[in-house]
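Features of the protein shown, as given by TrEMBL:
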- CYS508, CYS511, CYS548, CYS551: Zn(2+) 1 binding site (BINDING)
- CYS517, CYS520, CYS535, CYS538: Zn(2+) 2 binding site (BINDING)
- 280-446: domain 'Helicase ATP-binding' (DOMAIN)
- 543-714: domain 'Helicase C-terminal' (DOMAIN)
Amino acid sequence: MYARVIVDVAAGQINKPFDYAIPDELSHLIRPGMRVIVPFGPRKIQGFVWKVAESTDVPNVKPIADVLDPHPVLTSELLELGEWLAKETVCFLITAFQSMIPAAIRAKSKKILQLNSENDQLPPVLQVLFQGKHKVEWDKVPKEKGTLSLVKQALEKNIMEVVYEVKDKTRKKTIPAVKLSREVRDQSLLDVLDSRAKKQYAVLDYMRNHSDGKSVPIQRVMEDLAVTRQVIRTLIQKNLLIEEELESYRDPYENREFHTFPRPALTEGQTNVLEPIVQSLEKKEHVPFLLRGVTGSGKTEIYLRAIERVIKTGKEAIVLVPEISLTPQMVERFKGRFGSKVAVLHSALSSGEKYDEWRKIHRKEVQVAVGARSAVFAPFENLGLLIIDEEHEGSYKQEDHPRYHARQVALWRGKYHGCPVIMGSATPSLESYARAKRGVYRLLELPERVNNTALPPVHITDMRTELKKGNRSVFSEILLEKLKDRLQKNEQSVLFLNRRGYSTFIMCRDCGYTAECPHCEITLTYHHNDRKIKCHYCGYEEILPSLCPECHSDQIRFFGTGTQKVEQELTKLLPEARVIRMDVDTTSRKGSHEKLLTSFGRGEADILLGTQMIAKGLDFPKITLAGILAADTMLHLPDFRASERTFQLLTQVSGRAGRDKLAGEVVIQTYTPDHYSIQYAKHHDYEAFMLEEMGQRKQGGYPPYYYLALVTIAHEDVVQVMKTAEKIASYLKNSLSPETKVLGPTVSPIARIKDRYRYQCMIKYRNEPNLTDILNQIAARYQKEMAADKFFISIDMNPQMFM
């Protein structure tokens, strides 16, 4: 028997299966989807078994060295999905497979120097290195020229050899436990123990009545019986209890109590929407549904009811939620309804917690996975439903290899399993809405809120007028008045600004100097708390200068506004207000995101100020005011989706206000009040916005009328970048059909990041069946340069980011 293995080397010439013999002792174990250790050149590396075959045409095949898994980590479906993913996103097979498993089970190899003879045959320097050891990690070898020369000589004389050890990073959590020895199970307690040892007797009696012959955690025995560890230790020493390690899950929610909420009665609109979904579940049909429902219309309840049906049939469901929407409230909705049947996967979990949640899915211990983008790869084998909440969110597109969109992967899996896919949003992406209008997706709509409350009225404030009136504050008069009004009424407000830090940039008023990142062509952002200026692209930071580095003037001033500066201004204008700030800086510690929202939900703050993470997933009854401090933040970016994203964000933030019995209001501050995205957001008019935006897209030749691909070339030498970009653009123009448009090469909007100059070519096409093959050829052509870290070439199909 032979295994075709995809080895863990991301390189063009190795992006194919390699054949290995399956040793007799492993023949009953090895199946497709397992991780194995295989010899590859002089070393041993990890790989995935892709297929198992009876024969091979390859002569002198090497045997598989070891198996890492007792069961496949990739199902047959995920292996097939990986092939599709590699082709669609122009990435290596190994990259696609690795993206589907938790980081905790991605094995790493170590280079080792291993002795083949006695230590005394080594030169003195190396004898000291190997003192008392048979092998030494390569990283521990001194890298002086003399030492490396001695190592080379010892290798040539076969005194030592280089070996590669593959270490599986998997670490299962275990806890100390005890179980009854056979002697105790077969005899009366009085026969094995003096009844005067009352505590020991109580422990054995407890184990007989509660353990059912299985191991019980020592901590539980101690807590239930109020005994010390010494009592249990004595019983172990008497061979009456057997100590062992019991595997335990790292549960991020083990100390949380999830309340079971009564199922609300469905509105007529919800009932009408749920009916076709239930029909497709019963018929086991793959139907892509686009559910457009205004904020507060009860889309989540539709998801929960559909999942209930799936669970009753013994099938499984995946619910994708944008990372920033995975709030404690959202988790509580699902855990409260389905309890231990739910696994939660998101970036705030530790590596071990993610691994354990994945294992629950892999072992079929849960039926629902709720998580961010990568949860779409949850290893369920009997899927009955996939749900993508806030389907318009750009974060569903991965920006690193493999550059997949979770929506496309979900649709692929839905088709594979013959099950429905629900894509929900108050503001669907134009591409999805256009597909629904053409009948590719089935459109379902919830135009009203569940409690019949009206959508909040929206006030547009022209900040140019505020400036003319002499108001230089970040707060307009109307917004400040309404904030004061909410404080008097003991109601809550949310304030949104999609810019963290204190100020956008610092500038010298005497000479015009602005502080820029030395590695990126971007200004540094000032952070007030640690008085540093930082680059949000590469992480560079420096202490805020007190004098201008150019002219030595002390006229250094802050321009632009970030969340830190707004918080400072709030404390001056409204000293009585209790403010919680939520951005990357305040939520970087584990659990901080949940703590801040829980505090706000309890009414321990009056104003929640934050970036994009407060725009979604918040459902607090006392929020009656939503303020958008700078609606123009994204409007003028060099991105054809800028208007759409502005409209979506304004609509989402507006939807936080007045979701319960108390009426809500929204204030939008802007310097471009007449822009159609702002005007249509004011009137909550998605249809009108969509029609106008579709006209703009058609005129510019953008999605949904064309597909896009983006090729970005980066290098430390700007001349090299220009030459390579021109060669690639020329090759594309000569290789693709005349109807396809190749724009560029042009300088990327951010011309340099991490000391690499960046150029890009954009491809607009309607039907180009050979495109991925041609892009793969480009990637293969520059593989050596990329491997040597000289070039960075990124190929992004249907890109979301153009910066």
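A Cβ is built for glycine as well, from the same backbone N, Cα and C atoms used for every other residue.
Because TrEMBL annotations are produced automatically, they should be read as predictions rather than curated entries.
Where TrEMBL records a feature, it is marked here on the structure.
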residue: CYS508; record: Zn(2+) 1 binding site; DSSP class: strand
residue: CYS517; record: Zn(2+) 2 binding site; DSSP class: coil
residue: CYS535; record: Zn(2+) 2 binding site; DSSP class: coil
residue: CYS548; record: Zn(2+) 1 binding site; DSSP class: coil
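Apart from CYS508, CYS511, CYS548, CYS551, the Zn(2+) 1 site neighbourhood in this chain, defined by C-beta within 8 angstroms of the site C-beta centre, holds ARG509, ASP510, GLY512, TYR513, PRO549, GLU550, HIS552, SER553, GLN555, ILE556. Apart from CYS517, CYS520, CYS535, CYS538, the residues listed for Zn(2+) 2, the same chain places the Cβ atoms of PRO518, HIS519, ILE522, LEU524, HIS536, TYR537, GLY539, TYR540, ILE753, LYS754 within 8 Å of the centroid of those Cβ atoms. CYS535 (Zn(2+) 2 binding site) sits 18 Å from CYS508 (Zn(2+) 1 binding site), taking the Cα positions as reference. Figure note: comparing Cβ neighbours within 10 Å for the binding-site residues CYS548, CYS551, the maximum is reached by CYS548. Each of the binding-site residues CYS511, CYS535 was scored by the other Cβ atoms within 10 Å of its Cβ; the lowest score goes to CYS511. Most Cβ neighbours within 10 Å, among the binding-site residues CYS508, CYS517, CYS520, CYS538: CYS517 holds that distinction in the structure as shown. Ranked by CA distance from CYS538 (Zn(2+) 2 binding site), the binding-site residues CYS511, CYS548, CYS551 have CYS548 at the top as the closest.
Note: the CA-CA distance between CYS508 (Zn(2+) 1 binding site) and CYS517 (Zn(2+) 2 binding site) rounds to 16 Å.
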